[in-house]
Amino acid sequence: MVRAMTAPGSNIAAGALAPAKSSAWRTELIETLWLAWPMALTQLGQIAMMTTDLALIGRLGDAAVAAAALAHFVLFSTFTMGLGLVSAVTPLAAQAFGARAPRQVRASLRVGLWAGVIAGVPLTLGQLYGEELLVALGQNPATSRLAGDYLDGLAWSLVPGWLFIALRGLMGAVNRPEPALWIMLTAIPINLGLAYVLIHGSFGLPRLEIFGAGLATSIVSWAMCIAAAVVCVTMRPFRKYQVFGELFRFDGELMRRLLQLGLPISGASVLEYGVFGAAALLMGKFGTTALAAHQIALQVAAIMFMVPMGISVAATVRVGHAVGRGDPPSARRAGFAAIGLGFVFMAAMTLLVALTRHQIPQLFLGDSDTSIETATLTAALLIVGASFFIADGLQVVANGALRGRNDTKVPLLFAVLGFWVIGFPFCWVLGFHTDLGPFGVWIGLAVGLVVYAALLVWRFHRLTRDAMAAAVAA
């Protein structure tokens with residue numbers, strides 16, 4: 001069902017002067033949940049696609065799994081660089097939707113698509129030299145060669161992946177995120193079947209092994225991108241925006257706004273990805289058991305993290321709508337409703353993980369003596385990670401709320417402070433200069449994330465409080 005837009009500027013003064021009623025908060029929570037659930041399931045679908053790929057690659061042997069890990073490191077490092085550019089479509093389009101400006105909704109998508117293509121073409125070509133890069137970084141030449149084969153197929157998923165995110169952002173911005181979920185759910189079994197056929201060679205096709213897995217992902221990524229484009233052109237809720245109208249018209253001012261929003265998002269994502277990569281390197285110094293336990297515990301965190309990611313995008317949309325129509329009280333309410341939802345979900349998941357910490361590692365491990373040792377350490381890390389999980393959920397939702405207000409530069413500075421000025425030094429000191437060992441690394445990550453999350457929530461509180469005061473004064 002398509003929601004009607006609220007008239008811009010309605011009841012602003014009344015809303016600013018009076019406290020939010022319980023019915024307004026209840027409505028906001030319902031609206032946020034309605035937006036968030038398909039977005040969260042779409043994020044989980046991406047994890048499912050990666051998991052099925054790794055399961056199929058695992059049948060090729062340990063060397064292939066190691067190569068896939070290296071290839072994913074190269075690809076995701078690059079993917080994160082451009083992620084902010086296409087993610088900026090969501091707040092720009094949401095604000096235009098709230099302001100009842102359909103031409104600006106279309107223009108927001110247009111600049112996002114162009115940014116994805118312009119950044120994606122050279123970065124895709126760079127992926128084709130993944131083997132040389134990994135060898136230069138000191139990785140095993142044989143494993144690097146296999147990783148290069150995988151990247152030769154996988155690299156072509158970069159551009160369609162970004163374009164799909166931009167199109168998905170438009171869908172969410174106009175309150176219709178469901179088509180992106182249906183596309184993702186359809187893509188998962190198709191990717192599984194195509195990857196199996198191309199890896200092992202069936203139906204008369206050659207056996208391509210690890211290259212086939214990467215190629216399947218790229219083919220499915222392009223299919224998802226095309227499907228999203230078709231949906232945006234043909235489905236009634238999107239037709240009025242004529243999303244590909246004036247596709248080749250360059251809007252320098254809007255591109256500047258997208259870069260101002262998107263580059264700091266990319267920067268913060270790179271800083272976050274980097275600190276977790278650095279933590280993995282530190283864990284590797286404690287041996288393979290510690291590194292394996294770290295990876296399993298992080299995989300659990302990554303799965304839980306997808307739901308706050310969906311809530312975060314919903315926060316961007318809801319706050320963006322309120323900003324677009326000039327309604328500071330609703331913007332504040334939307335952000336804190338989303339932050340509350342993120343906290344409740346992650347607190348519940350943290351409790352569940354704590355209660356099942358001994359069973360979770362068995363889903364990833366066998367019954368050997370080494371596996372038992374890894375499982376024991378993983379269970380201990382999951383207990384240490386209790387504050388880590390909650391803070392991680394809070395920071396991503398608060399970030400989403402701030403993006404709805406076009407606030408991304410100061411959060412980038414907070415990321416520098418939280419991850420690298422505080423978090424990583426704590427990881428190093430507690431891990432290697434105390435008796436905590438691997439637990440010290442995780443405590444350091446938790447400290448950095450708690451600081452980062454607290455700063456983001458505080459900033460959203462301050463900005464929205466000041467905006468409401470300004471509305472009253474006006």
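Heads up, residue numbers simply count up from 1 along the chain you see.
In case you wondered, yes, glycine gets a Cβ from its N, Cα and C as well.
Model, not experiment: these values are computed from the prediction.
Copied from Swiss-Prot, the annotated features are:
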- 33-50: transmembrane segment (TRANSMEM)
- 65-87: transmembrane segment (TRANSMEM)
- 108-130: transmembrane segment (TRANSMEM)
- 150-172: transmembrane segment (TRANSMEM)
- 179-201: transmembrane segment (TRANSMEM)
- 211-233: transmembrane segment (TRANSMEM)
- 258-280: transmembrane segment (TRANSMEM)
- 295-317: transmembrane segment (TRANSMEM)
- 334-356: transmembrane segment (TRANSMEM)
- 376-398: transmembrane segment (TRANSMEM)
- 410-432: transmembrane segment (TRANSMEM)
- 436-458: transmembrane segment (TRANSMEM)
Handout entry: Proximity of the transmembrane segment (65-87) to the transmembrane segment (436-458), 3+ C-beta pairs under 8 angstroms
Key = no
Fill in the blank from the handout: Long-range Cβ contacts under 8 Å made by the transmembrane segment (108-130), restricted to residues 6 or more beyond its ends, are 71, 74-75, 78, 81-82, 85-86, 88-89, 92-93, 96, 144, 147-148, 151-152, 154-156, 158-159, 162-163, 165-167, 169-170, 173, 241, 243, 246-247, 249-251, 254-255, 258-259, 262
Fill in the blank from the handout: When counting C-beta pairs under 8 angstroms to the transmembrane segment (436-458), the leading stretch of 179-201, 258-280, 295-317, 334-356 is 258-280
Problem - Paired segments the transmembrane segment (150-172) and the transmembrane segment (211-233) in contact, 3+ CB pairs under 8 A - result: yes
Fill in the blank from the handout: Relative to the transmembrane segment (33-50), the stretch among 179-201, 211-233, 258-280 with the most Cβ pairs under 8 Å is 179-201
Problem - For the transmembrane segment (211-233), distant same-chain residues with Cβ under 8 A (at least six beyond the ends) - result: 49, 53, 56-57, 68, 71, 149-157, 160-161, 163-164, 167-168, 170-171, 179-180, 183-184, 186-187, 190-191, 194-195, 197-201, 239, 241, 243-244
